[in-house]
Structure formats: C-alpha cells, structure tokens
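Okay, structure first, notes after.
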C-alpha cells in the first residue's frame, strides 16, 4: 500500500495579529497584565520591533483576539475591562500586524488535524524505547503512515530519531515484533530486545508486595523490569531467566549498572529453568514466581502441576505464590466474568481448583476485544496420608482392602492456603 508523503509547503501562510505599540519602559508591566492574552506559537516571538519607532516594541496578542477598531486607543471588546482601561490609561495604540508562518510554527496536533481527514483518529499514544518511537497504526491510517512518522520525528524530537510501525502480530518465540521504518535513522538496536514501557507501573505494583525474605523466580524476565528492582529495592534473592540471549545480555548489564547483586541469571527454556531449580541439592525454596509472557504464560503452568501435584516428584519445599499474566478475550466472557474466566483457564491447565484467596487483576486494555490480566494464587499441592490403624483395628475389619491403604496418597485432598473454591478477592 503506497503512503502519502508530507508536503510542508501547505503550512506556509500569513496571519493577521492584533499588536500593541508599547514604550520599552512599560513592557514588563504590560507582559504581566496581559498574561494569558499574548501570542503563543512555536518559534514565534510575541514581542517584536516596531518599524515606526525605536522607543517602542510591538506586543502581539493571541490569535483568538480579533482586530477591533485599529488605530484607536484601548478599544477591543474581546479584552476584559481592566485591560481596556490599562490601554487607555497608557495611550497604547492597537494595530494590525502580519505574521509569516511555516511548518515549524505549527504544533503536532495542528499538523495532524491538517493532514488526517476528518473522522479518522489522530495517533497520540506510542511506545518510546531510547531514541525509537514505535506505533501500532490502525488500518485506516496506513495511507498516511509516512507522513505521521515524519511529523512525530519533527515535533516530538530531538530525543526521537527513529519511528517504526508494528506490522502483523507478535508471534516470534522471543516476543519481538515485525516492523517497518516510517521515518528517521535506520538505527534499530531495540529490534532484538523489546520492553513494554507501558507496564512500568504494574512492575512497581507487584514488586511492592514482596518482602526481603522472599525468594523470587522470574521465568520470562526479559531485560529485568521485575527482577532488577526486586533485587535492588526489596533486597530479595532473585532467580531470573529468559530464553532470548539478547535479553539475558542486557539483563546482566542492567543488574550490574543498578548494583542489583542478589540476582542469578539463566538462559533456559522456562520449564527447564524451574525444573533445574527444584532439582538442586538442596532445592531452591522459592516463594514467588513471576510469569510475564501474556500470550503463552498460562501454558507453562503445567510445570508447576508436574512438580507440586505429582507426589512422586514433589520436592521437600513449600509451594510458591504464582503471579501469571495472561490475555483474556472479551468475546469469551458472554455469560461470565473476565476474572472468573481467567480462573477457569488456569484451572484447566493445572487440573486442580484454585484457592479461595486467589486474586485476579485487570492490568490494561490490549484491544477492544482483549484484556491483559494478572492472576495471583498459592500453588495447590497434594498431601500424603498415612493410615494409623493399629493391628487390632485391622483384625476387626472384614474388608481386606483396608489393609492396603497404608502410605497411599489421597488425590482428592488439596492442601492450599485457602482450600478449594473460586472466590475472587477484589
């Protein structure tokens, strides 16, 4: 699809402004009195030389103040009475003044309103990582994508040097996105590591629930937005992992720069990472597990089912509290609640009811039909039950099958902080 190019010449124009001829000695006083009524325009001064007098300056008023009774002293019905009185008292002449404008004098909003047809949304929100701005333009804006990119580069700089647009879905194993360059330098270091800056408040919210004695496992740690602050600020012991070697590289750098000294970093598949921790001698008794890969996190819960709901493999450590991020489609909630549906999706993976004190939190709208959710729960476990019947009881029991119950496992007995249930804590 071809894209229209930006023509900056259409913004070259002359506008007529109300000007006040003011003695230089009165400039400071007038500027204070007329605050809120002066010209505000990018790269245009509101005080200019008066071509008719070296002793005076021309003070330019807001574009909303129309020309009125030019040549008179202090007559303009759009000014409040006190300012009109000021003009009369000091015999200040009202004149017309022509101001030449070009593309540089217009704001981002003004340029976009001129370029984008009425009825189409003006793009305001975009992610920024370093010098790179990246957008996710809607289909109806694609014919204007290059113009939009150039305007962002011109009006949101100089810190922005590259503007990208996401193309297609995020479907790579490392959760990076396909993109196209809209404007600026082809300097794309951020293409190999992606951090979603919109979630910085969510990172803080979760980390604040941790205590210094917690042992935290971050299965999809990325560059460390959870792991590094948990180590540096809360002083937790953190085991952080990511499959993407580039993410691991920059996570190590972030940990070093921030003096986060309690992090152990791995570059493994998430399931293998957890298995390795619990297979150590002694096993790592982690208390918190973070799973921040919303598109597939929920599928990786099976590793906790494998470890804590399998009595043959269960390590001698308490079950952790799990914080799992997931996308919940709104369309699937017909006849149900977003939070209830999230709980059902998790229970389908671990094949066990969740505790009653499970909490589900809506993090943000991803799209009109999708929500990002965080579900936090204590991982259920199974408890071995030993029969304590004495020999006399066994002899009096005519059912011989009871003799085989010693040291067997009751698969129906769940041990968890809140018992079985689906109650949601809001």
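Any Cβ shown, glycine's included, is placed from N, Cα and C.
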242, 243, 269, 270, 292 bind S-adenosyl-L-methionine according to Swiss-Prot; which of 203, 352 goes with them?
203
With every protein chain in view, how many other Cβ atoms are within 10 Å of the Cβ of residue 242 (S-adenosyl-L-methionine binding site)?
29
If one looks at the chain holding residue 269 (S-adenosyl-L-methionine binding site), which residues at least 6 apart in sequence have a CB under 8 angstroms from its CB?
243
In Å, how long is the longest CA to CA span across 203, 242, 243, 269, 270, 292, which the record gives as the S-adenosyl-L-methionine binders?
22
For residue 243 (S-adenosyl-L-methionine binding site), the number of other Cβ atoms found within 10 Å of its own Cβ:
20
